[in-house]
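The structure appears below as C-alpha cells.
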Amino acid sequence: MHISRLALDHYRSWDHCVLDFEPGINILQGSNGLGKTNIVEAVEVLSTGSSHRTSSSLPLVEKGHPSATVRANVEDAGEQRTYEITIAARGANRARVDGGKSQYMRDIVGWVPSVSFTPEDQRLVSGDPATRRNFLNQAASLLLPRYAQSLQQFTHVAKQRAALLKQLSDGSGIDPEYGRQAVLSGLEVWTGQFIALGVQLTKDRNDVIGLLREPFTRIYASLAGEEEQADLVYEPSFDEVLLFDEPAAEISRHFQRIYPGEVARGQNLIGPQRDDLTLRLNDMPAREFASNGEMWTMALALKMALYEVVSAQRDVKPIVILDDVFAQLDESRRGQILDFARRQDQVLITVAAASDIPQGEAHVIDVAALRAQSQETDGDIAAMAAMLAAGRGAQSQGIEAES
C-alpha cells in the first residue's frame, strides 16, 4: 500500500498543497517553519482519526476557515482509491471514499494504516498518562474497527456526566421547579452509559496491550541487547474489568463510594479517561529509572511493535512516517530505524537539513519549492476570482445602463 498523491486545503499552514509520492522512501526536506510536519501529520489524521500533536480538531484548520480537507489517492494491490476527510473547526468531521456518500470520519479510520515516529515519542515513556492514552487510542483505532466510534461515544457521555456533577457541585443551571432530583436522575442515566462504554474501552485497550506485549519485549531485546527485559503493564482506572467476570455492578458500587468526592470536585474521578500504560525495564518503571537512551529505544520498540501487529492483523504494511527523528537519534539508533524503514512499502521522512537525508535511493521533495508553488497557485486563484468579480460588476453596470 502507498499514497500516490496527497492534496491539502486549509490544513494548518497550508492554504492549498498538492504533492506526489512514490513507493519506497520519500523525503520532505526543508527548513523549520515551512510546514513539512503538517504534511505528514495530515496522513496520520487520515489514518488514525487523530494527531499526536493535539487532541482537538481546531488547530488542524487554517485560521479563518471553517474546515480543512485532506485527500489521498491510495494504491493497494493494483487498485486505486481516493480517501477524503473534512476536518471541521467546530462540529463533526466527515469522510468520503471515491467521491461516495458522506460518512463520519471515524468510519474510515484504519483503512489507510500508518505508524508515526516523532521527536515526542520519548514522552511515551517519560511523559504524562495522557500521552500514553493517546497512543493506546490510535493503536486501538487501527486494530479494532469499532473502537473509534466507542471512544467518541464515551467522550460525549463523559462530558455530559461531568456537566451534571458540576451542576451538583456549584448549583449552577439547576431548574428551580424540578431541582436537584432531576439532576440526580439524569446523572444515574449518564452513569449507566459511562460504565457500559467504559468497560468496553477498557477491554479493548487490554486486548491491544496483549497484542503489543510480546513483540515489544522481543524488539526491545533485539535493539538493546538480549539481557534487557522490557514489558508493558496496563493500569486501568476500571481495574474491576480485569478482576471480575461481570464488572459493571462492582464499578457501580465504586461510583457510589466516591459520589461525595465527585460532587465536591465536579468531575469524573474514575474511568478510561484516567487510564495509564506503564513501560517497565528490568521490572522497574522506566520513566523513573531508565536513561534517555533507553527511553528512546523503548519508544522505538513500541512503535515497531505496533507496526508489526497492525501489519499482521490487517495483512498490509502500514505507511511509515519518520518526522524529524534523525536529528534526535544517535548513529546507532538512526541505523536501526533506517534498516527498519527500508523494508517497508512506503516511508515518509521529514528532515530540516540536507545533511540529514539518509543515504540510498529516495524520492526527495523540496518543501520550499512546494511552498512557493502553493503560494503562486493561491495568487492565480485570487487573481481569477478578482477578474470574475470585475466581470460580473461590469456586466451589472451594462444592464443598468440599458435599462
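Residue positions begin at 1 at the first shown residue.
The backbone N, Cα and C atoms fix where each Cβ goes, and this holds for glycine too.
If you check Swiss-Prot, you get these features:
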BINDING   GLY30, SER31, ASN32, GLY33, LEU34, GLY35, LYS36, THR37  ATP binding site
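Here the binding-site residues are GLY30, GLY33, GLY35; the one with the fewest Cβ atoms within 10 Å of its Cβ is GLY33. By a simple count of nearby Cβ atoms, those within 10 Å, the most crowded of the binding-site residues SER31, ASN32, THR37 is THR37. Long-range neighbours of LYS36 (ATP binding site) (same chain, six or more residues apart, CB within less than 8 Å of its CB): LEU28, GLN29, GLY30, THR350, VAL367. Listed in sequence order, the residues of the same chain lying 6 or more apart from LEU34 (ATP binding site) and placing their CB within less than 8 Å of its CB are VAL367, ALA368, ARG371.
Same-chain neighbours of the ATP site beyond GLY30, SER31, ASN32, GLY33, LEU34, GLY35, LYS36, THR37, judged by a C-beta within 8 angstroms of the site's C-beta center, are, in sequence order, THR350, ALA352, VAL367. Taken residue by residue with DSSP, GLY30 (ATP binding site) is part of neither helix nor strand, so it is coil. In the three-state DSSP scheme, THR37 (ATP binding site) falls into the helix class.
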